[in-house]
Structures are given as structure tokens and as C-alpha cells.
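Visitor: Can you keep this structure in mind? I'll have questions shortly.
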Amino acid sequence: MVKKIWIYDNESLHSQETSKKLREKLLASGSLRTKEHQASPGLIQTQLVQDGHFEFNEESPDIVISIGGDGTMLSAFHKYETQADKIRFVGVHTGHLGFYTDFLSSQLDEVVAALKNEDPRNAVHYPLLKVKVNLDDGNSKSFYALNESTVRRGAETLVAEVNISGFIFEKFRGDGLVVSTPTGSTAYNKSIGGAVMHPQVEAMQMAEIASINNRIFRTLGSPMIVAKKDSITIIPESENELWFTIDQKEYKMTNLKEVVYSLDGHTIAFANCAHTPFWSRVRNNFIGSE
Ligand code: NAP
Ligand code: MN
């Protein structure tokens with residue numbers, strides 16, 4: 001089976017050069033074999049032909065290789081978001097090994113070998129966060145986040161009610177709230193004191209950004225991990241103009257009624273090749289290797 005590949009690079013020179021090299025290596029990876037063909041009646045010739053393992057296809061790839069950082073993987077995911085259930089992702093990092101990347105740019109031969117042996121049935125799946133935005137006019141729009149989604153304000157504070165599966169949980173006042181996926185737990189969530197979650201835990205996490213706690217406003221104050229069966233709804237006070245974000249995308253909104261977060265079973269799949277154990281990634285990235 002020929003695998004349809006697309007290489008997603010970013011604007012940096014290192015990413016583009018790595019992308020070009022990988023493309024050449026993938027093209028050159030076909031195996032040579034002999035093939036007999038009838039040149040003319042009575043004359044059979046033997047030819048050397050090259051069998052390709054890969055072809056390049058931007059519209060409907062089986063495998064998307066992101067070349068850059070974790071941020072590049074986020075953009076690659078959003079480019080193919082609507083086809084995410086049919087695609088396996090592979091990350092090649094142009095710096096240090098990140099969280100969504102399994103290879104360094106010095107390991108392109110390993111990437112090619114791993115892709116040849118890769119079996120789609122062994123792909124590793126991680127939960128995506130479903131984000132449904134309901135607007136004041138009754139319209140709504142849904143998104144998926146790979147890292148997180150936030151509701152935030154800048155100079156003034158955000159005031160919002162937080163419901164868990166329809167139950168009024170707290171009234172938040174502060175800079176904002178971050179709801180992250182398990183794989184996003186090492187990103188923004190971690191910077192604001194959220195817990196690092198193993199990516200196969202099927203849950204979402206909500207963490208506060210600078211909550212104000214006094215006699216009037218009282219929040220839990222600690223990050224919370226919410227089970228797959230529950231939803232989190234954030235209902236900002238209507239006069240709040242705010243920022244609503246999904247991974248790297250941000251929207252300034254004045255008509256946001258509420259945002260509903262849930263896990264609906266949609267996942268991102270990573271090709272199972274050279275997969276670095278999660279806790280060793282966490283150690284290497286945040287504590288340092290010995
Ligand atoms: P960026 O400003 O380059 O990202 C910030 C850092 O987060 C980069 O070092 C990035 O790694 C890293 N990162 C991204 N996803 C990660 C993950 N799942 N686990 C661990 N580290 C991760 O912007 P970006 O690269 O486009 O990434 C967007 C993300 O930045 C957002 O989704 C959010 O999580 C994060 N962010 C963090 C803060 C904060 O910590 N205060 C504030 C805003 C946004 P690479 O260098 O490999 O790309
Ligand atoms: Mn980045």
C-alpha cells in the first residue's frame with residue numbers, strides 16, 4: 001500500500017530545508033526490483049523499476065509530517081482538522097524534542113524507515129477538546145482544540161459563571177480561565193499551575209488565571225480535572241468584551257453568550273513510530289536530562 005504523505009513546514013529556513021531533505025529521502029526510498037516486459041514479439045527484456053512506498057498528497061493525506069515545533073503541529077492539526085479522523089500525524093522537531101514531536105531534524109533516515117514500517121492499526125489516539133460557542137443571537141459554532149481554549153480579558157477582569165454539567169459551580173472573577181486537553185496540559189495549563197496529565201487520561205482540565213478571591217467572589221482556586229461524562233460551561237457577564245482562544249487562534253468577542261467544553265470522543269492520531277514515553281518527555285523538557 002502506497003502511503004499518501006504531506007509535509008507541513010513553517011516559515012523558518014531550518015524547517016523548510018528539513019522539509020525539502022525529507023521529501024527527497026522519501027522519494028528515494030522506493031525499492032528497486034526487476035520486471036520483465038515484452039519489448040517485441042519473441043523478445044523479453046528485464047527492466048529495473050522503482051517501487052515507491054510514498055506519494056505526496058496535500059488534499060487527502062494518510063500521514064501529515066509536521067516540521068518545526070509543537071506550535072507547528074498545532075497549525076498542522078488545524079489545517080487538517082476536518083479530516084483528523086483519517087490522518088496520522090508525525091512530528092519532526094527543528095529544535096529540542098517537544099511534546100508532539102518524535103524525531104529531531106537530524107534523524108530523517110529514521111523517519112523514513114519508521115514510516116515504511118508504520119502500521120495504521122497501531123496509531124496512538126489522544127482526546128481533543130470540543131468547544132461549542134453559543135452567541136447572543138442564538139447562533140452557535142463548534143471547534144476542536146488540541147492544546148486548550150481560553151476565555152480571557154486584559155485591562156479589566158472577566159466575570160463569569162462556571163457550570164459543570166448544568167450545575168452552577170462558581171462565580172469567577174479574574175483574568176480568565178483555561179480549559180485544556182491532556183496533551184495541552186504541559187502547555188499554557190502548566191504555566192498557570194495546572195497539573196501535567198498523561199495524554200491517555202480521558203478528561204479535561206480547567207485552570208484559573210489570576211482569580212480574585214474575596215468576600216464576594218470565591219472560586220475553587222485550584223485546577224480541576226473534569227471527567228469525560230461532564231461538560232464545563234463558562235457564561236461571561238453580558239457586558240464583557242473578551243478574548244476567546246482556541247490553541248493559537250484568538251477572537252475578540254462582544255456577543256459571546258457561553259462556551260461549552262466537552263470530550264465527545266474525537267481524537268488526534270499519531271503514527272506509532274519511535275514514540276517517546278510521555279514521562280521521559282516531561283522529564284527532558286522540564287527537569288532536564290541527566
Ligand atoms: P509559542 O508562544 O511559541 O508557544 C509557547 C511555548 O509552548 C513554546 O515553547 C511551544 O513549544 C510550547 N508548547 C506548545 N504546545 C505545547 C504542549 N502541548 N506541551 C508543552 N509545550 C507546548 O506559541 P505556539 O508555539 O504557537 O504555541 C501555542 C501555545 O502556546 C498555546 O496553545 C498555549 O498552550 C501556549 N501559550 C502559553 C502561554 C503561557 O505559558 N503563559 C501563554 C499563551 C499561550 P515550541 O517551541 O516547540 O513550539
Ligand atoms: Mn512555538
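Including glycine, each Cβ sits where the backbone N, Cα and C put it.
All TrEMBL annotations are machine predictions without curation.
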Visitor: Same NAD(+) site as ASP70, GLY71, ASN147, GLU148, ARG173, ASP175, THR186, ALA187, TYR188, ASN189, LYS190, SER191 according to TrEMBL: which of ALA39, ALA123, ALA210?
Guide: ALA210
Visitor: Find, among the binding-site residues listed as ASN147, THR186, the one whose Cβ has the highest number of other Cβ atoms within 10 Å in the structure shown.
Guide: ASN147
Visitor: Taking the Cβ of TYR188 (NAD(+) binding site) as the centre, how many other Cβ atoms fall within a 10 Å radius?
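Guide: Taking all protein chains shown, TYR188 (NAD(+) binding site) has 18 Cβ neighbours within 10 Å.
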Visitor: Rounded to a whole angstrom, what is the largest C-alpha distance between any two of the residues ASP70, GLY71, ASN147, GLU148, ARG173, ASP175, THR186, ALA187, TYR188, ASN189, LYS190, SER191, ALA210 that the record assigns to NAD(+)?
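Guide: That value is 31 Å for the farthest Cα pair.
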Visitor: With every protein chain in view, how many other Cβ atoms are within 10 Å of the Cβ of LYS190 (NAD(+) binding site)?
Guide: 19
